[in-house]
Structures are given as C-alpha cells and as structure tokens.
Amino acid sequence: MDAAAGELAALQPAPRAFSLWDYGVFGLMLLVSTGIGLFYGLSRGGQKSPEAFFTGSRAMSAVPVGLSLSASFMSAIQVLGVPAEAYRYGMKFLWMCLGQLLNSLLTAGLFLPVFYRLGLTSTYEYLELRFSKKVRLCGTVQYIIATVLYTGIVIYAPALILNQVTGLDIWASLLSTGTICTFYTTIGGMKAVIWTDVFQVFVMLSGFVAILIQGTLLVGGPGQVLSIAYNHSRINFGDFNPDPRSRYTFWTFLFGGTLLWLSMYGVNQAQVQRYVACKTEKEAKRALLVNQVGLFTIVSCAVGCGIVMFALYKDCDPLLAGYISAPDQYMPYLVLDIFESCPGVPGLFLACAYSGTLSTASTSINAMAAVTVEDLIKPNIPALSPRKLALVSKGLSLVYGTACLTVAALSSLLGGGVLQGSFTVMGVISGPLLGAFILGMFFPTCNTLGVFSGLSLGFLLSFWVAVGGTLYPPSASTMGVLPSYAGLCPLLNVSWGANSSALENSLTPSSSSLGRPSSNTGRPAIADDFYAISYLYYGALGTLSTVAVGLLTSSLKGKQRPLDTVGRRTRVPRGGSATGEGALGSGERSPPLLWETESP
C-alpha cells in the first residue's frame, strides 16, 4: 500500500506555479484599490468630519452606491461557495435571487425611509430613540462582535487560496490582504470604500465571465452544457419540497432567504450606512434597484460557473476522485485546470476572490468604526470637535482592521468548523436584531423589557440550532445533495498543489458534512429533525422568535409609554447631528415608529 502510494506521488506532476502574468494581474488589482484610497484620503484635504468619513457627506449617487451594496455580498467565501453549491445542488440556487428581490422591495418601502429621514449614521441609534440606551448598546455590541469574527474569516479565506495555488506563505497572504484593506479604509473613508467596491465588482465579473466562456467552449457550447445539466438533474427549479431540512427549495429561498437578506440589507449597519450616503431618498431607492441588478448578475454568473464545472467533471468529480478535499476547492481546481495554458487568467480569478474579500472587509471596518463613534464615543465625550472625531474614526478603522487580522491569524491556527461557524455568526445575530427593529417600527405596544426578552431568546434559539447543526451535521440525502460520479477519472489528470489539505475546512455552509454518512451513535433524536433544518432558516427562526417573545412580554408588562407625536424627527440637513438637541426638541426623546417619520 505504501509503495503504491509512493509510486503515485512520484508520478504526479509538480504543482503549477503562478506566472509573472498572474502576479501582474493580481498586483494591479491591489494597486488600483490602494490608489483609490489614497485619492479620496488626500484630495481636497481628506475626510475632515465624521459625516464625510462615514457617509461620504451624504452626496453619493445611485450607481456607485448600488454597485457597492452588491459587492458587499460577494466575499471570497461566496466566490468559492456559490459555484460549489450550484455544482452540488443544481440551478435551483438561482431562487436566491427571488429572496434578494423581495428583500430590496421591503427595504425600500419599509426600512430605508425610516433610517434616511432620521439622518442616522448608526443604525442602532434608532433602538435608543425607540426604546433605551441599553437596547442600543446591546445591538451595537452584538454587531461589533459578529462583524469582527466574520470579517476575520473573510480575510483568511483568500489567504488560503493564495497559499494553495502559489505556495506563498499564509502569513504573508494575511498581511497583504488585511494591510491593504485597512489602509484604504482608514485613509479614504466611505467614498474610498464605495468607489473601490465599484472597481472590484467589475474585477469579480471579469473573473466569472472568463471561466464561463472557457469552460463552455471546452464542454462544446451552451447547448451541450444545458443538456448535461438537464440529464443529471441540475436544472431543478421545480423543487417545492416543504421539508425545512432540505437545504435548498423554493420555500427555503422564499421565506428563509428573504428574511436572511432583509436582516442584512434592511437593518445591518454596513448596508444602511451606504444607502443613507445618497443625495436624496429617491436616489437611495434607485441604489437598491442597481444593487438588485448587480446581485442578480453576480449570482447568475456564479451559478453558471458551477453548472459549467459540473458539465466538465460529470464523469470525474474531483472531490470523489480525491483530487481535492473540500467543495470550496472546486473553483481553484477548475481555474488551474482549464487555464493552464493561459497566463494571467489564474491571477484574474485570484483577483476576483480577493476583490470580494476587500469589499466585504472594508465595508465591515468602516461600519464598525461608525457605530463605535456614534454609539459609544459621541454620547460619552460630546465635546470632541468634528476634526478630532474624524481622527478618532480613522484610528478606530485601524484598530478594527488589526482586530480582524488577529482573528484571521487565529483562524489559521484553529481547526474544526471555525470557517463554517464564523459564516453562520452573522445569520445567528442579524436575525434577532431584525426582530428588534420590527418590534420598534411596527408594534407601538412593545416596550424595552419586551425587546430585551425577545432579543435574548431569539439569539439563544438560533445559536442553539446553529451549534446543533454543526455538531450533528445532516446526511447528504437529507440536505438534497445531487449525485456525482468519478468512474471515468484518468489516473493522472491533476494540476493541483501539494497542499490540498490546507483548505480542508469548509468555507460555505453546505460543506459541513461533505456528503459523509452520519453515524447514529451518540446522536440525539433532535439531531435528525430540529438540528437538520436548512441554514437559511436560522435567521428567520431568530427574527420570528424575537418578535413573538417581545410582543408576549410587552403585553404582560403593560402599556408602552405614550408616543410624543409633536417631537417627530425628520432627516437632518447635511452636516447636522442626528442626535443633537433640537432634532427632537428640548432634548426630549421621541420613540419614532415607521409611520412617524415625515417626508423631507
């Protein structure tokens, strides 16, 4: 056995190294991103006020903001994960776009008007206006913890890829990613983040399009790709299975997907901070429309790459053949395979993955600095001048960038399900927070005790299910993984690096079990039912339980204090304070609901 393994290892070709063209394409992307940060950081004296740093002086137009909103979704986790999901579950993943569309409509009609007209920099300031400072602090702390953890993993993901395909030391990869991202966010603020996102959207799309074209040509054309996909059940839009344990169905995306996206776009600081940066409320709504077009294009390209990849490997699944060790290695493997004779294209794919990561990380760093200034520093040190606050904001961006780098470094030392666990952190926390905002905006009888109770139980419930699903992953048949084959694999058709075990930890939720049969030994009965529900329902579970418990507790507590309908707030002018005296009149706190915000 050992001798045979030794002979096989000796026969395998050396891993393909990056060419100078690959490094050139990748380096150009990093250089342009850095240049954008320098331009907005140094032009016209830089960002001299917190409003300019965090919201671009509320003077941005719809197209760049919309594309920036789209880019925020696509980190390296999604660049690698969405094609792998389409490969394993089929084209029904495109139903995700339905959830995104419903989210955009609900956000534009319900949540955007509230935040825009109030002129808030921090989303969680609303929780103080409606409930109390303690609720605001709770939301802020939850958001910061979740975002630091998630962003650290987002930075770690492309570092793994770079280490995998080039052999570059993983610490050098982490430093190059984190340093550049922290630099242009700290120097340039929101304008740098938005315009860098615009550039990175086109880099991501270029990478996807190159893979689609080359892969389709190798298969034999679009008709052949669709024929293979149809014959192997990959064209499966008609999956209306109501079982919540089935990972992806129409109902999963309609209910779970919509609420998940609503928690990320409707009330999430990183996204709200973008659309309130627009010139007018109408412009902000147009930005959401542009964002929807961008999301549909990106997700469609990613799903298309997954289907083309299946058409290429229908008879020789790289995972089953042992060429790779996790589904998230499909895309790097594909790129190195089909572009072996095309110098520069693997570098474009790496730039594609890095672009998503830089976009997500820069968004998160800027958003965390914003909520810290607005929720923690301004209320406690009100005497700071705008210039000093701007300096503090830049310092906080540097601190949070360093914190995310630290989490990324720790992720490289930890094993197990760290990657998947961190990916679910945002869903577990964002769901209950969405419930808190729904209670505040739509239910005037809800009080502080009610929202605290709802937040606590909603978080504990969604966290419990997420941890249970990680410890006791469902079987491939329960999740609905489609069959794949490896019966016609050539013995030696590998252009994969020797470090293929480096990515053994999955980067997407779907790959926790990798289709492994789960043993019943030691598995509680709840593991195959409650713990097995689709991860898309985690956020919905948190949202609905928060709302239900909040309303029940509020009804037991008694009536909410009467609303101050005289001191209603409208959007403050540029440069004004959303929390200053006069915004509410005589320092009174008005608990604004959805219908209390007036049009400007």
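Using the three backbone atoms N, Cα and C, a Cβ is placed for every residue, glycine included.
Sequence annotations record features per position, and here TrEMBL assigns region 'Disordered' to 560-600. If you look up TrEMBL, you'll see 20-42, 62-81, 93-116, 170-187, 199-220, 248-267, 288-313, 333-354, 397-419, 425-443, 450-472, 535-553 (among others) marked as transmembrane segment.
Away from its own ends, the transmembrane segment (288-313) comes close to residues 62-63, 65-67, 69-71, 73-74, 78-79, 82-87, 90-91, 93-94, 96-97, 100-101, 104, 107-108, 112, 201, 204-205, 208-209, 211-212, 215-216, 218-219, 224-225, 228-229, 232, 234, 265, 275, 330-331, 334, 338, 484 of its chain (Cβ-Cβ under 8 Å, at least six residues beyond either end). Between the transmembrane segment (199-220) and the stretches 20-42, 62-81, 93-116, 333-354, 450-472, it is 333-354 that has the most C-beta pairs under 8 angstroms. In this chain, the transmembrane segment (535-553) lies in contact with the transmembrane segment (425-443); the count of Cβ pairs under 8 Å, excluding pairs fewer than 6 apart in sequence, is at least 3. Same-chain neighbours of the transmembrane segment (535-553): 244, 247-248, 252-253, 255-257, 259-260, 263, 424, 427-432, 434-436, 438-439, 443, 445-446, 449-451, 453-455, 457-459, 461-462, 465-466, 469, 509, counting only residues six or more beyond its ends whose CB sits under 8 Å from a CB of the stretch. When each of 93-116, 248-267, 333-354, 450-472 is checked for Cβ pairs under 8 Å to the transmembrane segment (20-42), 333-354 comes out on top. Tertiary neighbourhood of the transmembrane segment (93-116): same-chain residues 82, 85-86, 123, 126, 237, 248, 250, 252-254, 256-258, 260-262, 264-267, 272, 275-276, 278, 281, 284-285, 288-289, 291-292, 295-296, 299-300, 303, 306, 437, 441, 571, 592, 594, 597, selected by CB-CB distance under 8 Å and a gap of 6+ residues from either end. Taking Cβ pairs closer than 8 Å, the transmembrane segment (248-267) reaches residues 69, 73, 85, 89, 92-93, 95-96, 98-100, 102-104, 106-107, 110-111, 123, 237-242, 288, 426-427, 430-431, 433-434, 437, 480, 534, 536-540, 543 in its own chain, all 6 or more past its ends.
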